[in-house]
Amino acid sequence: MEKSPSKLDLITEFFADFTPRQLEQLAALDELYRDWNSKINVISRKDIDHLYENHVLHSLAIAAAFEFPSGAKVLDIGTGGGFPGIPLAIYFPEVEFLLADSINKKLTVVKEVAAAIGLTNVTTRHTRVEDIKDRKFDYVVSRAVAPLKDLWQWAKPVLNKRPSEGNFPASGLICLKGGDLGQEISESRLRPRVMEIYELFPLDYYREKYLLYVHR
Ligand SMILES: C[S@@+](CC[C@H](N)C(=O)[O-])C[C@H]1O[C@@H](n2cnc3c(N)ncnc32)[C@H](O)[C@@H]1O
């Protein structure tokens, strides 16, 4: 019988370009999140066994769909335990990430995980995202946090106006979402580009089945 791929193999199946250092960082996540999650709950207990599929690979859908330029600044709204911010920061070591959440203890996990794997491109901020007024970003990312209307209201004021350039998208909001997308989009009065995660990875177990992009 064919051996089923280990969870980390599932990621390398879709991303062939990780360096040995990035693979080490990814491999370290399993134990780090298990350990921290037993002290501060950031991932549901049953989901911790599916870290790579449900959290890491899902977060990396953003990297499968978009390339961020070196030096870009990215804000992760409502990062919780670091998703999508931590996997993206591993993937894009030349990009600066601010991971924000209104619950400080979740950020303890983010800081500890980032430090343990030597991520120097991640900072955190304990704040409600609507209170961030002192910085601008090229991209805002988010997963499972709020309706599109609210995400855009928070993201728009902190986004730079950066045009698209080569493979790099124009500045904007990129979010992973599930639920009743039709109603959410019509309430937002926006016209996001919508991609199905399934088109990026043929896996059908995501609650947040869609990736939405709204450019500034
Ligand atoms: C369902 S969790 C998702 C966490 C993470 N993005 C993930 O996908 O695993 C939603 C997170 O958003 C945070 N959050 C909700 N509203 C927020 C706001 N206005 N400002 C900052 N964080 C917020 C919550 O504290 C929580 O950690």
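In case you wondered, yes, glycine gets a Cβ from its N, Cα and C as well.
Automated prediction, rather than curation, is the source of TrEMBL annotations.
S-adenosyl-L-methionine binds G78, F83, V129, E130 as TrEMBL records it, and from the list R143, R162 the residue named for this site is R143. For the S-adenosyl-L-methionine site listed in the record, the two most distant Cα atoms among G78, F83, V129, E130, R143 lie 19 Å apart. Under 8 Å, Cβ to Cβ, and six or more positions away along its own chain, E130 (S-adenosyl-L-methionine binding site) finds Q153, W154.
Annotation note: V129 (S-adenosyl-L-methionine binding site) sits in a helical segment as assigned by DSSP.
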